[in-house]
Amino acid sequence: MSEKYVVTWDMLQIHARKLASRLMPSEQWKGIIAVSRGGLVPGALLARELGIRHVDTVCISSYDHDNQRELKVLKRAEGDGEGFIVIDDLVDTGGTAVAIREMYPKAHFVTIFAKPAGRPLVDDYVIDIPQNTWIEQPWDMGVVFVPPISGR
């Protein structure tokens, strides 16, 4: 990836609230299925904003830090997804999205970020990201002291 897009906690919350507003009325949803790990934090934010208490996970491994690898389903939520929102942080090349669509064909699949290759596979997303861009999520970064430029 040649570019990086840094996401802050407040940006993520703003984007999640925007997505939640598009998913109203919340009564139409039975629950949320968060794709682990990227969808866990956005899933919690959606659950809060929509007042949804039924939250489950589908655990899929497809990245090793910044390298994409073979998809492996570690745990899945039951059912075909009817009445559920499936949330992930990002749709990239579409590998995970294809697996999600096969497991939950009746779910409403949403992400915060979408790259061009995966965009057609989700029902809704908030932010367009160029395909060659790596997203730095706030949960992957630490807060560090940065000394003043003057050095004083």
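From the backbone N, Cα and C atoms, a Cβ is placed for every residue, glycine too.
As written in Swiss-Prot, here are the features:
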- Arg37, Gly38, Arg69, Asp88, Asp89, Leu90, Val91, Asp92, Thr93, Gly94, Gly95, Thr96: 5-phospho-alpha-D-ribose 1-diphosphate binding site (BINDING)
- Arg69, Asp92, Thr93, Gly94, Gly95, Thr96, Trp134, Ile135: GMP binding site (BINDING)
- Asp89: Mg(2+) binding site (BINDING)
- Asp92, Ile135: guanine binding site (BINDING)
- Asp92, Ile135: xanthine binding site (BINDING)
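Features as recorded by Swiss-Prot, highlighted on the structure.
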| residue | record | Cβ within 10 Å |
| --- | --- | --- |
| Arg37 | 5-phospho-alpha-D-ribose 1-diphosphate binding site | 17 |
| Asp89 | 5-phospho-alpha-D-ribose 1-diphosphate binding site | 24 |
| Val91 | 5-phospho-alpha-D-ribose 1-diphosphate binding site | 26 |
| Asp92 | GMP binding site | 25 |
| Thr93 | 5-phospho-alpha-D-ribose 1-diphosphate binding site | 15 |
| Gly94 | GMP binding site | 19 |
| Gly95 | 5-phospho-alpha-D-ribose 1-diphosphate binding site | 18 |
| Thr96 | GMP binding site | 26 |
| Trp134 | GMP binding site | 13 |
| Ile135 | GMP binding site | 20 |
Whole-number Å value for how far Arg37 (5-phospho-alpha-D-ribose 1-diphosphate binding site) lies from Gly94 (GMP binding site) (Cα to Cα): 16
Alpha-carbon spacing, Trp134 (GMP binding site) to Gly95 (5-phospho-alpha-D-ribose 1-diphosphate binding site), which is rounded to whole Å: 16
Rounded Cα separation (Å) that holds between Thr96 (GMP binding site) and Asp89 (5-phospho-alpha-D-ribose 1-diphosphate binding site): 11
Spatial separation of Ile135 (GMP binding site) from Gly95 (5-phospho-alpha-D-ribose 1-diphosphate binding site) - C-alpha basis, Å: 17
DSSP-derived structure type at Val91 (5-phospho-alpha-D-ribose 1-diphosphate binding site), helix or strand or else coil: strand
